[in-house]
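Undergrad: The ATP binding site annotation in TrEMBL covers Gly114, Gln115, Thr116, Ser117, Thr118, Gly119, Lys120, Thr121. Positions annotated as domain 'Kinesin motor' by TrEMBL: 18-355.
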Amino acid sequence: MSRVRASSAPAPKGLKRPVKVCVRVRPVLEREVENGCYHGCIAMAHERVYISTEDKPVLIGSKDDPPPEGVKVYPGFDGLLDQDSSQEDCFQVAGRETVDGVLWGLNGALMAYGQTSTGKTHTMVGDKSRPGLCLKAAAHLFSEAGLLGSQIEVTASFLQLYLNHITDLLVKDGHEKKLKLREVVEEDFVDTRVEGLSSRPVKSMDDVEALLEEGNRRRQQACTALNASSSRSHAVLILNVTLWQGTEEENATDAKLYLVDLAGSERVKDSCATGDRLTEAVHINKSLFALQGVVAALADGNPFVPYRNDPLTQLLRPALGGNCCTTLVATVSPAQKHSRESEGTLNFASSCRRIKGEVFVNSVRKPRPWEEKPKEEPTKTEEPECPWASLAALDAASVMESQMLDTAHGQIHVLTCGPADGEAVLLLHGCPSDAWTWKWLFPPLLYSKYRAIAIDMPGFGSSPGTRLGSRSELNNAKGGPLDICCAVLDALGVQKANVVGYDWGAGIALSMALLRKTRVNKIVPFHPSYSPPKGENLGVMPVPVLVLWVKEDQFHNLTKWRKHFQALPSSKRELEVYSLGSRWKPGMSLGSDPQLGPQLQRRILAFLAGEVAAPVAGALEKRLEAKAATAAGQLVVHAQNVVVADALADAGDVAKQLREVADPTLAAVQQFKEFPGEYAWMNMDGWLWRSVAVGLWSAGRLAALYAQRLTGSSASSAALFGALPEMSPEARGASEDEDGALSDPNILVNLGLWSQAPEGVAAEVSWERMRHTPRYCVGRKVLVRQKVIFKPSDSDFMCVSSSGADRTTSKAELKGKSKENADTWLVEVTEAGGSRRMAEVPKAEVLRLNQRHDLAKNGKHVLLEDGLKCDYSSPLCRAKLCEIALALSPVVKNLDFNTADGGEAVQLKALEVIRSSDKMERYGEIWRDGVRVTC
């Protein structure tokens, strides 16, 4: 029988065909689901497979964007099958082409490779309702032969490789007879045959199905922690296909189809294999390791390929390096917990893609159906010319105005361009450099009608004087960079500006936004050389920040600076990372690069204009969740770690939501409120308040948690209490211009501590007056000075007397104003023996004793008597004040400052609630830590 190559014209050395590789992701399994949810690690987009190696969400941008940190990309696969793909989809993508080749006389192989329990046997064998590649291949062979009007003869053999021994699965007690491999040297390749292997004729798919059922009953399977029915051997179904077209014998073709179900690799730690299962796992991993070595040698084109290292590689030699068209289906798990194994499978699949075998056809002079069309060269899409290109062609000196400004800090040279009434953009150079380094940004700013102001710092460029230090702590020094920037803006009549800085200048921009916030709109730090000095907290950044970075720049390490970026408020920060590849050279002007320059210009202008940037690849704070089903049909939540922007209809909005960082303070308050429990209120003059929604602040539960916190036995309560808001009278808000939680009741509403603010607060005047002035209503407890008999020998010792000494303070209750004298108040005094008496006291004396006290302060500590102190930032104090705020929530709903008395009755109820929440005997141990808040 003559042998010619699969081409319309004979090729001298045969036709090279690469191994076809497809990737299939199986549905999630129940054991991979925790609390109804699992984290997905694989995404398929842009004809690539993305896999996250770290359990954190990331966003994939366009096809040309570099992959984010923690994500690996695998391009070049011939087929991608997601979790929703059917068995028919798998055959059409991975199997049909190879089976068609068998009909034309080419040997073919279909192999499934992957970690244990990733669906290899399901892919190859399947079941009656969902037949796999073996059955679908047989059905296709018979149906296509009938359509071609050809006579077909098929014989089948079925074997397994178990513990390095080959046994026949179609022979009763075949496992007792170990078969031998024999290499047969053909004219153009080396074939491998199994001596003594039986074969059976099959005439339909039903015959193949019966044969598979018989063989699988004899195949070695066992239960492991990873798979209830784990294949413990490699199985190979071989179909020998002879096809006659017409009546002449020479028109027959003879080809083999190898259908290979490899046993899965497994980590013994995960499968918990012991005894026989452990021995099987060792042999399986050893044979797969040998297979990887053969694939690596073939992919690298090594002249020596170690086929004989293992029986598996000897058996598969025709499929890997012989006369065979091979397709590999790499099966992977979608769960993040198996990402390491999935990554290994994809690495192996990528290596297989680089193998090319020489294939031949018997007596067939037709082009093979899968012959690839010549690849079209991708049309290069040129970047549209920037609208300011004509300005860029001009000499920078012709569009810039150079001037020397006289300031309080000496003469400063600046370059300016653009309309005098345009929005100002202050440009700050690096160290060492000068204002002309920004010439690449002048044209777009001028085109967009911004007023560009580039400064030469003292001693740089054309500015005289001594060079300033470039350390971050010197930015705010007297006569330092911040003073100079503000002086330049003052000299040019600019009140507020956007600030763009590079290196040292980027650090100055960050300091200026924090310390001179009234002079800054937005900032763009490019490769910031900055480490926050004392007094500069990036967490309270008041203006939007766009950080620019080129990852190849060896002098600016993004990995080290990322912690500072993460410290910025999530709602204020943006990060844009660019890649120059081999174009990067030390000392190059990044903005002048013909490709990078226009990208930087467009991005900076879009940020200054307030445009929302397109989703950029990078880390996310949340995972994209969707409904999914397990292999058993159970509904679960698929929390995807790898999110592809191109697959989203509204990528910008989704990416923004996924990047939003949950406020830890709000989360802590919610947890503080919703811990199982209940708080019951007392009945006070007909007022009954009871809350069943809040639980952690219930009396019994809080006492136990406070005690655990004091003894240090509960790390969880310390973390929770420490995340609660600080509510000291001196606490600041997000910036120095904002007060803290006690400045506005709406802040307590936003924190979730109050359900609503008191009525009439919108005017603000009433609330401020309530905060800063004393309120003396009828029924208020006050302290008063009384004259008492001070002689111990007197029978009226310590009793009130007009002739006594004015040196004793007594508790009293206000009863109203004196009718005779408006400057005198009527009080009911509690005497030493417990009796009560009415008395008139001067109003000034009551105010002197009962006004707000200015207690000694030491940082965040308020020093009380007897060595006690109150630290508002301590976890215990935060928890106590949150408890009181929650207790007040149902009371303040009834507080209305629009009433004539300003809601004094409700204020009295609030005092009673506070006192009922402040039981010293319940929290006796806490007072040693200085937590008690006096009212």
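Backbone N, Cα and C atoms are what each Cβ position is placed from, and that goes for glycine too.
No curator has checked TrEMBL annotations; they are predicted automatically.
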Undergrad: When you measure from the Cβ of Gly119 (ATP binding site), which residues in the chain that are at least 6 apart have a Cβ under 8 Å away?
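TA: For Gly119 (ATP binding site), the qualifying residues are Arg24, Arg26, Thr331, Ala631.
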Undergrad: Sort out the sequence-distant neighbours of Lys120 (ATP binding site) for me: same chain, 6+ apart, CB within less than 8 Å of its CB, listed by position.
TA: Ala112, Tyr113, Gly114, Ser231, Asp261, Leu262, Gly264, Val329, Thr331
Undergrad: Check the binding-site residues Gln115, Thr118, Thr121 for other C-beta atoms within 10 angstroms of each C-beta and report the one with the most.
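TA: When each Cβ's neighbours within 10 Å are tallied, Thr118 tops the list.
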Undergrad: Counting Cβ atoms within 10 Å of each candidate's own Cβ, which of the binding-site residues Thr116, Ser117 comes out highest?
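TA: In terms of Cβ crowding, the pick is Ser117.
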Undergrad: Looking only at Cβ atoms, how many others are within 10 Å of the one on Gly114 (ATP binding site)?
TA: 28
Undergrad: If you average per-residue pLDDT over the domain 'Kinesin motor' (18-355), what number do you get?
TA: 86
